[in-house]
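Asker: Take this structure, written in structure tokens, and hold onto it; I'll ask about it next.
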Amino acid sequence: MLRLGVNIDHVATIRNARGSSYPEPVRAAELALAAGADGITAHLREDRRHISDADIALLTDLCLKRGKPLNFEMAVTDEMVGIALQARPHAACLVPERREEVTTEGGLDVVKGFDKIAAATARLRTAGARVSLFIEADPAQIQASADAGAQVVELHTGAYCDAAREGHADRAAAILERLKTGAELAASLGLEVHAGHGIDYATVKPIAAIPQIAELNIGHFLIGEAIFVGLPQAMQRMRVLMDAARLEVAA
């Protein structure tokens, strides 16, 4: 079954907007797991704009108690590798990070940063973390990810979702085809394939229909929708669409 990882970063965004102690990301994570999330994703950014070090400690403890994986998103820096080695999350997803960006704007350039990424990957794997690289569906990046020692690639779906939402059908179709080809290549290299960024109800099914994808990581949309309908209900509808896409492919 296609897995759903729930990113709870933007619960922390709401909390930090008032400099308060609530809403608590760990409470959102607990609700998500109770509602059937297959794992929790959290991004500890260098500027700590949403998730904090304390959140990571609480989320690590929660996921261990619930027997579910924590996917720790992190920049490729010595500081973040050190934090990950101490927290020992189930998975570490290396992502690009620029302080001036509002959200992650694209995939990690594994080709350009190969030596640094390979070294971080080796350190994390030695500590028992399952290492994922967040990349574009580009053949060179996928091959470099395998060469760097990653076990997983997470394909960046943001460009597809933006094109589809904006009504650029031809562009969306071309990007979707690249995602399909990239997923096939990654799987052929022995990499587990995940996907994420920008996914909502309108865009999830074409992505979920790609058979090589094992997991979708969705956050901003689910947290936004939860304001209106509640997190379990938002997740349930997403899960229905994901499962329907897989059933349609099987049929």
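Note that Cβ sites are derived from N, Cα and C of the backbone, with glycine treated the same way.
Residues annotated as active site, proton acceptor in Swiss-Prot: His43, Glu73. The feature active site, proton donor is assigned by Swiss-Prot to His197. Positions annotated as 3-amino-2-oxopropyl phosphate binding site by Swiss-Prot: Asn7, Arg18, Gly198, Gly219, His220. Positions annotated as 1-deoxy-D-xylulose 5-phosphate binding site by Swiss-Prot: Asp9, His10, Arg45, His50, Thr103. Annotation comment: Swiss-Prot describes Glu154 as site 'Transition state stabilizer', evidence class sequence analysis.
Relative to the rest of the structure, where do these features sit?
Answerer: His43 (active site, proton acceptor) has a Cβ environment of 24 other Cβ atoms inside 10 Å.
The Cβ neighbour count for Glu73 (active site, proton acceptor), using a 10 Å radius over every protein chain in view, is 27.
Its Cβ placed at the centre, His197 (active site, proton donor) has 25 other Cβ atoms within 10 Å. Annotation note: His197 (active site, proton donor) sits in a coil segment as assigned by DSSP.
A C-beta separation below 8 Å, combined with a sequence spacing of at least six in one chain, links Arg18 (3-amino-2-oxopropyl phosphate binding site) to none of the other residues. When secondary structure is read from DSSP and collapsed to three states, Arg18 (3-amino-2-oxopropyl phosphate binding site) falls in the coil class.
For His50 (1-deoxy-D-xylulose 5-phosphate binding site), the number of other Cβ atoms no farther than 10 Å from its own Cβ, over all displayed protein chains, is 21.
Every protein chain shown contributes to the tally, and the Cβ of Glu154 (site 'Transition state stabilizer') ends up with 32 other Cβ atoms within 10 Å. According to DSSP, Glu154 (site 'Transition state stabilizer') is assigned to a strand segment.
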Asker: Counting other Cβ atoms within 10 Å, pick out the least crowded of the binding-site residues Asn7, His10, Arg45, Gly219, His220.
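Answerer: Per-residue Cβ counts within 10 Å for the binding-site residues Asn7, His10, Arg45, Gly219, His220 bottom out at His220.
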Asker: Restricting to the chain of Gly198 (3-amino-2-oxopropyl phosphate binding site) and a gap of 6 or more, list residues whose Cβ falls under 8 Å of its Cβ, or answer none.
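Answerer: Counting only residues 6 or more apart in sequence, the Cβ neighbours of Gly198 (3-amino-2-oxopropyl phosphate binding site) under 8 Å are Thr157, Gly158, Tyr160, Cys161, Asp162, His220, Phe221.
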Asker: If you compare CA-to-CA distances from His50 (1-deoxy-D-xylulose 5-phosphate binding site) to each of the recorded positions His43, Glu73, Glu154, His197, which comes out shortest?
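Answerer: Of all the candidates listed, His43 is nearest in space.
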Asker: How big is the Cα-to-Cα gap, in Å, between His197 (active site, proton donor) and Asp9 (1-deoxy-D-xylulose 5-phosphate binding site)?
Answerer: 13
